[in-house]
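Structure record follows, encoded as structure tokens.
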Amino acid sequence: MTPSEQNIDKEELAKFSDLAQDWWNPAGKMKPLHLINPVRLKYIEQQITLKGKHVLDVGCGGGLLSEALAKHGAIVTGVDMSESLIDVAKNHAEQQQLNINYQCQDIEILTKDAQRFDIITCMELLEHVPDPQRMIKNCAALIKPGGKLFFSTINRNFKAYLYTIVGAEYVFNLLPKGTHDYAQFIHPSELTQWAESGGLRLLDITGIHYHPLKNEFDLSRDVSVNYLACFTHE
């Protein structure tokens, strides 16, 4: 597969690759990801037991979620298109004595293999690829019947723009400026439609709410900004 055929935004890839060495610094540029990671794990564990499950973490970055899943008993494969992030993930997992199969790989290549997974996570990735529907379709092709797929992304509305771009990037400096492109945000209805066209069935959508005074995230019924969705393939 040539680079032009891959579902990759080269500018987005370079942007996150540049953050590789700061990925595991909880007080650094990836601080919001460190804060949100326990909430993502909490949501996944509400939907399915992790122990002994084969999990594919798509767009694993430096391995924050992959390590959390592994520590809770999952057998984890993490894939990302950034070599520098995969190197960081491998080195950190080795330091933690965790056995995680990290690959610098396009998910479309994985669909040609025989392995299928009990759980697939695709967190904070859909809004950073040129064709999110294609990404969802490839995830659907890799899940076992009855398996669970988890996506997290950002709703597209004025409130989400204010919170995630104006607030997070420019007012509170929680994220590097330019992290998000509003045009790439995704309505829950769009996500559901794309997933259903790939043979998936929606089980749950839950919001993620940021408490600025507590400086922490939690699950919420409000899906107007950040949200998580769980699907199954039957």
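Glycine residues also receive a Cβ, built from the backbone N, Cα and C atoms like all the rest.
Database features, via Swiss-Prot:
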type	residues	note
BINDING	ARG40, GLY59, ASP80, MET123	S-adenosyl-L-methionine binding site
Can you check which residue among the binding-site residues ASP80, MET123 has the largest number of Cβ atoms within 10 Å of its own? ASP80
Max Cα distance spanning ARG40, GLY59, ASP80, MET123 (S-adenosyl-L-methionine binders), Å? 18
Could you find out if DSSP has ARG40 (S-adenosyl-L-methionine binding site) as helix, strand or coil? helix
